[in-house]
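Quick look at what Swiss-Prot lists:
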type	residues	note
ACT_SITE	175	active site, proton acceptor
ACT_SITE	294	active site, proton acceptor
BINDING	123, 173, 177, 295, 327, 379	substrate binding site
BINDING	201, 203, 204	Mg(2+) binding site
MOD_RES	3	N-acetylproline
MOD_RES	14	N6,N6,N6-trimethyllysine
MOD_RES	201	N6-carboxylysine
């Protein structure tokens, strides 16, 4: 080999493998206002120290790899690397730790949830040195938030569009979720909307199947929408699911909904993907459409308490990517959701500012500046007896969505909707009069049922229905405040 082509190790470079903690565990580091902060629940493999595990997470989700590389010398790793700056043991758990990691903002593309997640929850989740890894929370800095459009419209603009104030909005998912023809589907929509609903909804499974193509469904739903509006004098909506196999097809469906004069469309944001969701959110703002978001696939990601990603992170990501509604559990229905934890991410969706809150599982103070809020949707196994609890838990700025709790009424769809509307109005009136919905809820519903045979029939059908199972997602104290 000639002297000109001989490869020599540069000064300061030594090949080999180094412990991650030598470069990526920095307990002396003070997080910057512009850093993205992450709280990971880390379960190391036996024999792996917590400092090495936390540093490995910081390294593998930022600039690090398994061995030293000579190109490290071509950049400033101190500027770009993630840093594990604090570790707390998880109370009540063996060999589990909350590891806090700070990421410099320059690691992430502006306005891209896709890029943010590709780094923070990418390959590191398959790292062999870890038995399990869960992202519990993120602190998104204001500087990064301002690169996103966020929700197309937000809570106040939606209320102004609908001219509905002072109460939760009411919705219903059309059932059976699959198998109806477009005409029969439209008939069910009409019966629900004329009975007192604000919205009806495509099920998340409904896209464009052989039994009901999307264009036919939209046409019959639009007919039902306008007929119900003419009869009731109220503005109505149907969540037309625009989710499709390609972004181009998704936008085509949203365009058709706008041409029909529909006020709202829908997207399955996790199965559809964040790039598609952000694209649709931008279209909706530009064209005056509200955007309803379903979270199908979330439990695959967030239900296991030791591995995956907590829904509060997915909720923050949705507020960045864009959506005016998102399903958020019910606390009292058939789906997983402990009360305080649920209210924690409901606050993250609606409020301009949230503080650290142990009881609600919020690890970081989060400011949303001018980003519009998102309406939480309570849906899944709820009926009229749940109405007082739902009104008390979620408050006015929410959507209470009954599927089987409407269409399962013994007298049909329209009476089912009447029952729910009467129950809601009774709860709102009682609350405004100063009554305690938590303790007097059943009394309030029984009193209202004396004046509504539809509500009385619903009360009889669902009087024994309960979903009482312990929540998997509970908060373990023993964390550092940031």
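Even glycines carry a Cβ here, placed using N, Cα and C.
As the structure is a computational prediction, the values presented were derived from the model and not from experiment.
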Spacing of the two Cα atoms, residue 173 (substrate binding site) and residue 201 (Mg(2+) binding site), in whole angstrom, works out to 5
Find, among the recorded positions listed as 294, 295, 327, the one whose Cβ has the highest number of other Cβ atoms within 10 Å in the structure shown.
294
Nonlocal neighbours by CB distance (under 8 Å) for residue 204 (Mg(2+) binding site), same chain, sequence gap 6 or more:
241, 243, 268, 271, 294, 296
Taking each of the recorded positions 175, 177, 201 in turn and counting other Cβ atoms within 10 Å of its Cβ, which one has the fewest?
177
Residue 204 (Mg(2+) binding site) -> DSSP, reduced to three states, gives coil
Residues near the Mg(2+) site, 201, 203, 204 excluded, by Cβ within 8 Å of the Cβ center?
173, 174, 177, 202, 205, 206, 239, 241, 266, 294
Near residue 203 (Mg(2+) binding site), which binding-site residues out of 123, 177, 327, 379 have their CA within 10 Å?
177
Coarse DSSP state, helix versus strand versus coil, of residue 123 (substrate binding site):
helix
